[in-house]
Amino acid sequence: MAAEKQIPGGGSGGGGSGSGGGGGGSGGGRSAGGDENKENERPSAGSKANKEFGDSLSLEILQIIKESQQQHGLRHGDFQRYRGYCSRRQRRLRKTLNFKMGNRHKFTGKKVTEELLTDNRYLLLVLMDAERAWSYAMQLKQEANTEPRKRFHLLSRLRKAVKHAEELERLCESNRVDAKTKLEAQAYTAYLSGMLRFEHQEWKSAIEAFNKCKTIYEKLASAFTEEQAVLYNQRVEEISPNIRYCAYNIGDQSAINELMQMRLRSGGTEGLLAEKLEALITQTRAKQAATMSEVEWRGRTVPVKIDKVRIFLLGLADNEAAIVQAESEETKERLFESMLSECRDALQAVREELKPDQKQRDYALDGESGKVSNLQYLHSYLTYIKLSTAIRRNENMAKGLHRALLQQQPEDDSKRSPRPQDLIRLYDIILQNLVELLQLPGLEEDRTFQKEISLKTLVFKAYRCFFIAQSYVLVKKWSEALVLYDRVLKYANEVSSHGGASKNSLKDLPDVQELITQVRSEKCSLQAAAILDANDSHQTDTSSQVKDNTPLVERFESFCLDPSLVTKQANLVHFPPGFQPIPCKPLFFDLALNHVAFPPLEDKLEQKTKSGLTGYIKGIFGFRS
């Protein structure tokens, strides 16, 4: 029997064959498939020892499945592709081991027994059975959102995966298998069992299985080097949200905070637990919303009777804290979008309640028309939250673009580098949002609010004007840029003079003093660049006679250095030659014709008249001469 290269630690051959096999399976090429079979048949140094039971069998279970999953579809969540890979790899292993299930016409079931454990590929065969069933279950889980009936099939495939994992664990209990493989098999079985109990919502059994899996992987991680422990620690991090979710459903109310932190760290949208986690957080906020009856904003308290608005306002502080603690810009942007989406939903709910309230206001007394209703004031508050969040998001994007602009990396053809025009557009949107804030109903008489918004408007106008000046510098319009820099200093000085009494409103805004320092340095650089550009333009004017595209044949009398004459594009003569004017052909007029005398024709006319009728008749009968 042909032996295969062993996988790491006595069993790397299975992992290697899987990666190579996946390439052939996905590519579909004949040569790739031949390479896979050759890899399965490659002999290993320890195969004879395994046959004689002198060495222990070893299989890096977690490493094999992680590498196979990343290389064959799971990086993009394509479980169907991974299931196809598992089937193809199973078929190759059975063919290599001569362990076929009958022939084309008849199926003969065979099970891997302890007596067959002469090669670690028999363990790999059972592992691929479990992985194939698990990947099919995960594929059905994705489809079960639109087709609930598929959930029954999902549970069936998970049970089958657990059955194969238990068979793998039973085989690994043999004395021929080393201790590390035994522990990995136990952890793998516990993980799949926990997944099955989790889907059945048997929270206590699920948390016991997940804790067992976590304990084994933590022990394995502490027993090996840091490089080998990375995979085990990653698996522990994957299991932790499931454990906390089960703990919450058992009755641990403190688990909800840890789940929200896990959602923040993971990005919130990845993993099969994401939907249940979002539903759990919404459900928890809904329970807390029952105790919330009013909200206070800018000295006025308004009742909150709409459940959707209550849920949004309760989660507002958590969302803002999550944005502050976000580690990456992608996570921060996603949280901003999520918060804006929730705010829009809350605003829509208030608008639906405002429609009948607006009809009642039409019949209200004129004396009461000066004060907006509580519902309208609540709408203004939610609009303020939405616009303020949009301003913060655009300001955060502008800071990122500004950092990229200052780095001045070389331009890449595949990725467009940021330009000052991009920042100008963002600050235009911010200023538009500030104008909308000034027009909110119920805040017309709030002088403090109006002053704060006016101050913020000056700050963002200064930054917008600064980047407009930067765009003029790029096209070497020095005078326009200098005027705009002066305008920036004017705005910044106004903010500094009026911002002393409103320091609280400026604490979240960009530093104006830093902008003033930067503008002053930019003005010095601009003036120096303008002087250099003037000298360059003067030199260009003096040398412009060389580059007037006059051919050499027309300027023999003047000497000038023209480097283009020694190139293949030398301008020597006009070719094709240009057209030159020539005299036209003269015109001749026959003026002598008027003075020519022609002979008389009277005698001929008389002869023709004499013939008359007789001549005509003779002509008919053919007697005319």
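Along the chain as shown, the residues are counted starting at 1.
Even glycines carry a Cβ here, placed using N, Cα and C.
Given the structure is predicted, the values throughout are model-derived calculations rather than measurements.
According to Swiss-Prot, the compositional bias 'Gly residues' annotation covers 8-32.
Summarising the annotation, Swiss-Prot assigns compositional bias 'Basic and acidic residues' to 33-42.
Residues or ranges marked as phosphoserine by Swiss-Prot: Ser47 (among others).
The Cβ neighbour count for Ser240 (phosphoserine), using a 10 Å radius and every protein chain shown, is 15. The phosphoserine feature in Swiss-Prot is assigned to Ser240 (among others).
A helical conformation is recorded for Lys451 (N6-acetyllysine) in the three-state DSSP classification. Residues or ranges marked as N6-acetyllysine by Swiss-Prot: Lys451.
According to Swiss-Prot, the region 'Disordered' annotation covers 1-52.
Per Swiss-Prot, region 'RNA-binding' is recorded for 51-251, and the stated evidence type is similarity to another entry.
The annotation region 'Required for interaction with SRP72' is assigned in Swiss-Prot to 586-608 on the grounds of similarity to another entry.
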Practice item. Please work out the helix, strand and coil residue numbers for the region 'Required for interaction with SRP72' (586-608) from the DSSP assignment. Key: 11 helix, 0 strand, 12 coil
Exercise for review: Please report the number of other Cβ atoms within 10 Å of the Cβ of Lys451 (N6-acetyllysine).
Suggested key: 14
Check your understanding: Cα-Cα separation of Lys451 (N6-acetyllysine) and Ser240 (phosphoserine), in Å?
Key -> 49
